[in-house]
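Annotation comment: TrEMBL describes 1-191, 226-262 as region 'Disordered'. The compositional bias 'Low complexity' annotation in TrEMBL covers 32-43. Taken from TrEMBL, the feature compositional bias 'Basic and acidic residues' applies to 53-62, 82-98, 104-114, 136-158, 176-189. What TrEMBL records for 120-129 is compositional bias 'Polar residues'. Annotation source TrEMBL lists domain 'CRAL-TRIO' at 329-504. For 508-609, the entry in TrEMBL reads domain 'GOLD'.
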Amino acid sequence: MAEGEQVQKQTQETLARVEEEEVVVTDVPQAEKATTTTTVVEKVPPPVPETEEPTKPKPIKEEESEVEPADTEVSKSSGENVDEKTPLSVSFKEESTRVSDLPDTEKKGLEELKQLIQEALNNHEFTTLPSPPSPPKEDQEKPAALEEKEKNPDEEKPSQVVAPEEAANSESETVAESKDEAQPEKETETVVVSEVIEEKVAADNNTVDDDGAKTVEAIEETIVAVSSSVTQEQPPPSETKDAEEKAAQPSEAEAEAEAEEKDVKVETLAALPPEEVSIYGVPLLADERSNVILLKFLRARDFKVKDAFAMIKNTVRWRKEFGIDELLEQDLGSDLDKVVFMHGFDKEGHPVCYNVYGEFQNKELYQKAFSDEEKRQRFLRWRIQFLERSIRKLDFKPGCISTIVQVNDLKNSPGPNKWELRQATKQALQLLQDNYPEFVAKQVFINVPWWYLAVNRMISPFLTQRTKSKFVFAGPSKSAETLLRYIAAEQVPVKYGGLSKDGEFGTTDAVTEVTVRPAAKHTVEFPVTESCHLAWEVRVVGWDVNYGAEFVPSGEESYTVIIQKARKVASSEEPVLCNSFKIGEPGKVVLTIDNASSKKKKLLYRLKTKASSD
């Protein structure tokens, strides 16, 4: 009995060694699997907002004006006095579009890009742009043996039949599954070994007392035999690789035919004149306007000439695929005219584009624009059409204005929970960033909610300094003040704190801006020397002040005429007050603004005189 127990113990130790060898085999796929998991778990940094280029200010925090001591002194201002007018702010200074102003390194980059484009035009590379590369033949034509393996996975993986007999617990099943994915050949070997071992052990346990040593020898011989047979069945890897390389290489006849085809193509292109390619309505290399376009692409790629050239070729390809020329002639309706519109110019002459996201609170409009993929594509085409038409109005001559100021109104914006709007916006921004580089002089965000400012602070470290310098943020209480810093009041719509609206006054009638200090009065005087009809517009941003108007004649014997009795104008009232007065004698019209609040106020006014009809 003691001898039998010793033999049985030796048998169990041998099995344990075999099992240890199996675990080592399965360790290889486990390690690979762990690496893959790590790659999937890694997070990508938040996306960078664009679009597209939108140097300047850090985000503007909402701050209340400092309270100054009460001032009982009444200041006076004539109609021509602009001493207290808000000065022009230091806006983002755009790089020059004149070649003579460029540093030598940028001049060299521009010349290299022009040479590449000229060669491409001579070779007709823009009209014969290569199609996306097709997958290699090896992927298209799979070996017949591989197809059979895919169709009949059961034949390739016998462990699926044997595994239930072998598995003693759930951990063993997990190891077996990992072996199925990573090393099917090695696992076949291991399974066979395990099966033979188990059969041998089951058969020999009954006779272990008689001949335990022979049983161990039989097990070891079986393992060696199975391992050697599996190794012999595997074909030499070098022969397989050589066969694949030979199959992939074209024959001499095919190579000669391809070379002849290229020669004919080169001769044909050489006989043709250079092709003509235009971007944004500007022919490439035709005149000095082309330099302005090329500089946009170079600056978008940090003057890396090859990258800029590739970007131009991709843009030309996209414009053809998207059908830009045909899109300009299409009528896509006027449903979104209040969502995106051009209005006026900033203080430097840039056209201003307003994007009003709050309009999408209209459920009918939202559904009409984003309810399905077809409508979202229509919205995308409308947005590109709008931008393309706006760009065609720019002057691409060197030294002229060739960029746009974007004002984004986030008041009542649907927010991040509107998946359709986010998807459409993201797609539009990507297209603008890829195909309309350096067209934004500044991005001004107004009526910004607190959560948007928080998000901006989080993504700000991922933005380039150039991009961040073009972004300006303002909360609801600072929106009008921020816009007036960059855009003159006569160019700002009334809804955003300006005086631009349909009526007697137009954008050519300049507005005077004055800051009224807290707890102070301010008077505005319009001197009149002859009979006339005087009209004026006045506005205090946010009002909540007392306003009055009167006519004071020059004659000592004349009486003062009250035009507008002093009263408090609430913030909820009409934002702009229009008055007029027919004057029959010399004198002056006096406007009085009494700011009793603890905040400074922005006063806007303008006047116009007409000859009296009497």
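Glycine is treated like the rest: Cβ placed from N, Cα and C.
Across the compositional bias 'Basic and acidic residues' (104-114), the DSSP tally of helix, strand and coil residues reads 11 helix, 0 strand, 0 coil.
Residues belonging to the domain 'CRAL-TRIO' (329-504) score a mean pLDDT of 91 in the model. Here the domain 'GOLD' (508-609) has, by DSSP, the following mix of helix, strand and coil residues: 0 helix, 66 strand, 36 coil.
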